[in-house]
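*Asks:* I'd like to ask you about the structure that follows.
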Amino acid sequence: FRFPHYSLLVLQGLYPGSEEGWQVYSTASDPDGRCVCTVVAPARNLCKRDPRSRQLRLLTEQVQNVSQSMEVVDLRTSRDLQYVRDSEPLLRGVDGRLQTYVANPRTLTTKGLQELKGQMSQLRPLLSVVEQYRLDLQTLATLRLELLNLSIILAAIQEEVGAYDYEELQQRVLLLETRLHSCMNKLGCGRLTAVSTPITVRASGSRFGSWMTDAMIPSSDSRVWSMDGYYKGRRVLEYRTMGDFTKGQNFVQHLLPHPWAGTGHVVYNGSLYYNKHQSNILIQYHFRSRSVLLQRSLSGAGYNNTFPYSWGGSSDIDLMADEMGLWAVYTSIPNAGNIMVSRLDSRSLEVLRSWDTGFPKRSAGEAFMICGTLYVTNSHLAGAKVHFAYHTNSSTYEYTDVPFHNQYSHISMMDYNPRERALYTWNNGHQVLYNVTLFHVIRNCD
């Protein structure tokens with residue numbers, strides 16, 4: 001199948017979770033006689049009809065669930081163990097008093113009895129800690145049984161597939177994925193038409209935060225960055241690969257010289273761009289040199305929860321990147337709290353051009369840019385959808401209805417990455433990806 005000039009293509013992102021293969025939805029001719037085709041490109045799982053592929057997917061999901069459960073138990077056990085250690089001096093004091101009173105009952109006074117009761121009441125929370133330990137032991141026994149079952153399933157799949165067959169299948173997937181990447185690189189910009197089901201990559205950190213990969217095109221940088229919290233944070237964790245991020249291993253720490261505000265950060269061409277705490281100053285921090293390269297005020301922009309998104313969190317200034325470059329989404333008093341979009345020069349942080357979208361920022365859950373179009377969600381809570389779109393190329397807007405599943409019910413960060421054509425979100429302590437379906441115009445794709 002050969003795509004002619006300006007054929008129409010609908011493309012889904014490359015992260016797992018999409019079940020579609022190549023499908024021609026419609027074919028027709030435009031008024032000029034050119035072929036117009038609508039198709040859906042597949043995700044990585046190109047061999048979905050093989051039952052072994054489904055088994056492997058289910059196995060992967062089970063492993064992720066077990067890993068997350070073990071992480072929760074481990075965190076809770078560490079917390080409870082620290083509580084027990086902190087309570088140890090108090091326990092020793094109570095034990096010493098009791099031994100003294102048993103050995104010499106006459107030393108027990110009314111005051112001493114009251115003090116002993118007070119110490120015992122302080123130790124009462126230990127009962128719930130012990131009960132939690134008992135429940136955790138039951139959980140660990142269940143997880144142990146699940147791991148045993150997973151081992152049996154994996155052994156059966158390995159015996160059925162065989163080493164040679166698996167390697168051949170893997171090479172086929174890699175080859176097809178490379179071809180798909182090649183075609184994606186030739187695509188023009190497109191309009192958002194659908195958002196996939198969520199893909200939970202990891203559960204870590206607090207309720208609010210942000211995580212990202214470099215949005216610069218082209219780039220071979222595979223690092224992942226994580227920034228927990230929205231208020232006065234300075235610690236940025238840098239993971240070598242997405243796999244390392246998922247496992248929480250192989251990371252280094254950057255301590256920013258100035259704290260951040262909100263969660264609207266972006267990594268672009270090896271630098272972190274973020275909003276300085278309690279100001280409308282934008283900062284460019286270069287990861288390799290571990291230094292600040294630029295600081296510039298975003299003139300007139302509100303800050304410190306003056307014009308945040310609906311969830312608050314000092315989200316006044318939201319920096320983002322798409323196929324067109326670097327952007328700032330914010331608002332100010334002169335434009336009555338409506339969302340402003342400004343195109344930024346990444347080398348100087350100067351505003352190149354600005355647009356007033358007319359959409360009130362406090363009514364927006366989150367926002368992201370795709371191909372120069374600002375997409376706004378109507379809420380950060382369950383039931384959210386992409387509700388509004390502003391096209392900077394024509395200075396026009398439209399109301400949209402693109403639903404998506406808000407799995408953990410509280411999104412505090414949502415950004416599009418043009419390299420992977422996927423949405424990165426931080427949802428109630430979970431790092432989640434969404435594939436996007438874009439309606440594209442192909443200019444030259446064989």
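Placed from the backbone N, Cα and C atoms, the Cβ positions cover glycine too.
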*Asks:* Taking TrEMBL as the reference, C371 is linked by a disulphide to which residue in C183, C189?
*Replies:* C189
*Asks:* Near the Cβ of C371 (disulfide bond), how many other Cβ atoms are there if near means within 10 Å?
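*Replies:* Summing over all protein chains shown, C371 (disulfide bond) has 19 other Cβ atoms within 10 Å.
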*Asks:* Within 10 Å of the Cβ of C189 (disulfide bond), how many other Cβ atoms can be counted across all chains shown?
*Replies:* 17
*Asks:* Where does the mean pLDDT land for the domain 'Olfactomedin-like' (188-440)?
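*Replies:* The predicted confidence over the domain 'Olfactomedin-like' (188-440), as a mean pLDDT, is 94.
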